[in-house]
Each structure stands twice: as structure tokens, then as C-alpha cells.
Amino acid sequence: MPSASKNFRLQSKYVFLTYPKCSSQRDDLFQFLWEKLTPFLIFFLGVASELHQDGTTHYHALIQLDKKPCIRDPSFFDFEGNHPNIQPARNSKQVLDYISKDGDIKTRGDFRDHKVSPRKSDARWRTIIQTATSKEEYLDMIKEEFPHEWATKLQWLEYSANKLFPPQPEQYVSPFTESDLRCHEDLHNWRETHLYHVSIDAYTFIHPVSYDQAQSDLEWMADLTRMREGLGSDTPASTSADQLVPERPPGLEVSGDTTTGTGPSTSPTTMNTPPIISSTTSPSSSSHCGSN
């Protein structure tokens with residue numbers, strides 16, 4: 001049984017009740033309602049049963065009174081431990097058609113074809129919603145038609161306005177000019193000198209070597225590129241993870257009188273021989289100092 005509520009109040013001559021999963025008898029419920037509502041001068045009462053999909057029985061009741069009640073007790077219509085859903089019947093004809101669809105209905109009295117007309121304020125609100133073309137116009141129309149609501153419920157009205165007229169995202173305008181975003185020359189030179197165009201991780205995907213070896217390979221390629229192009233050590237070199245890696249000139253295999261070591265070769269043969277370019281050989285797989 002529901003607890004008493006200070007907010008409950010029923011003031012309608014036309015009432016629609018639904019008793020869900022009710023094990024009572026229909027005729028007993030009908031008699032209970034008739035006796036309970038007699039002081040309000042019953043004009044019509046109809047009670048119908050409905051077999052629900054889960055096998056339980058629902059009871060519906062349409063009540064039409066000649067005298068408007070003022071019921072504050074939410075348990076007023078409770079019957080044998082069953083509490084109904086209570087709501088005003090705004091269209092009695094629709095309610096009667098609904099509850100009598102299964103044909104099992106008991107009635108008493110003269111039915112009134114009653115229908116509650118929409119309030120004039122609802123029509124005014126509908127006009128505002130349908131005719132406003134922007135958020136500003138919507139709020140201005142409400143301010144004109146319903147000044148009290150505008151003054152006391154502006155926060156909720158702005159919320160509904162944003163739902164009707166979603167704000168368009170503003171186009172981003174960068175606070176920086178194009179010249180501000182250009183790389184300064186000293187930073188550009190530092191980047192080209194100290195940073196590779198390919199990361200060490202990307203290099204190891206193509207050349208299966210260790211991290212340290214990959215770093216050494218990239219440094220060697222950068223130095224070699226500068227040397228071949230006659231550039232200084234502070235001049236940027238182009239490196240790529242999948243570029244062709246030059247083999248280091250072999251040692252004794254080139255010439256019988258070639259001197260090996262870290263110093264430059266004095267053999268005319270090796271000095272005039274161009275570097276051998278290989279797509280499969282990396283610095284990590286060839287000797288950095290030649291053959292011993």
C-alpha cells in the first residue's frame with residue numbers, strides 16, 4: 001500500500017483506473033467502486049478485465065461523476081491490497097473503447113461522450129514553437145506571450161531554445177599569422193643537423209638490427225651523405241629508413257697494394273672506384289674499417 005503523499009490530489013469528474021495483476025473478482029471491484037463513489041453522484045461506471053501476455057489479469061475502470069471530487073488520499077481506490085494507476089480521463093470515448101476491446105466489461109449508468117479540449121495556453125505555446133525561426137525570436141515571443149514564465153523559468157526556456165535551435169559551432173580562427181608558424185632559421189638548421197628524417201624505430205622495421213646499431217647506422221649515413229656531397233658537419237643530410245645504403249669499399253680484395261685501416265687509402269684504384277650501392281647491405285652488416 002502506498003504511503004500518504006502531501007502532493008497527491010485528484011480533482012476530476014472523469015477518472016481512468018488500472019489495477020495491474022489483480023487477483024480479485026471483477027464484480028467485487030465494481031461493487032466496491034460504486035459504493036465508494038456514490039457520495040459524488042456517479043453518472044457512469046464501467047469495469048473491464050484484460051488478460052495480459054504473462055497470464056495475469058488487469059482490471060480497468062472508467063468513472064464519470066456528476067460532482068467533482070477532491071481526493072487527497074492516494075490509497076482511496078485501493079481494493080483488497082491492490083493499488084491502481086490513477087489518471088484523469090481526457091477522452092472518455094477513447095478510454096471506453098480501449099477497456100472494452102476484449103468484450104468483458106460491466107457498466108452502469110449513462111455514458112457521456114466527454115473530451116477535454118486543449119487549453120488555450122497550449123495552443124499559444126504550440127504557435128511559438130512552430131513559428132519561431134531562431135533562438136532569439138523564440139525567447140522574445142515567450143517574453144511577450146508569457147512574461148511570468150520568462151521571468152521565473154528563463155534557464156529552462158533557454159534549454160528548450162537550444163534544443164529547438166542548436167548553436168552552430170564557430171569557425172576557428174588562429175591567433176597566429178602564417179609568419180609566426182614558420183620555422184626560424186636557427187631552429188631549422190639545428191633540426192636538420194641533429195634530428196633524422198626517420199626515427200630509429202622506423203629504421204629497425206626495415207633493417208632488423210638492435211636499437212644502438214640502428215642509431216649508429218643513421219649517424220653513419222648522415223656523415224657519409226655530407227662527405228659525398230662535400231658538405232660540412234653542420235649541414236643537414238637527408239636520411240631515409242629505406243634508402244639505398246652504400247657499402248663500404250672492401251679492403252684487400254680491391255687491390256693488392258691497398259692499405260687497410262681507418263686512414264684514407266693511397267691506392268689510385270680505390271680512389272677512382274665509385275661507391276657500390278646496395279639495396280640489401282646496411283652499415284651494420286659491413287665492416288666500418290674494411291677487411292683485416
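Cβ atoms here come from the backbone N, Cα and C positions, even for glycine.
Confidence for the domain 'CRESS-DNA virus Rep endonuclease' (9-111), expressed as mean pLDDT, is 90. What Swiss-Prot records for 9-111 is domain 'CRESS-DNA virus Rep endonuclease'.
A Cβ distance under 8 Å defines the sequence-distant neighbours of the motif 'RCR-1' (16-19), meaning residues of its chain 6+ beyond its ends; these are 29, 33, 58-63, 77, 79, 82-89, 95. Summarising the annotation, Swiss-Prot assigns motif 'RCR-1' to 16-19 and lists sequence analysis as the type of evidence.
When DSSP labels each residue, the motif 'RCR-3' (98-101) comes out as 2 helix, 0 strand, 2 coil, counted as helix, strand and coil in that order. The annotation motif 'RCR-3' is assigned in Swiss-Prot to 98-101 on the grounds of sequence analysis.
Annotated region 'Binding to RBR1' per Swiss-Prot: 181-185, in sequence order.
Per Swiss-Prot, the feature region 'Disordered' maps to 230-292.
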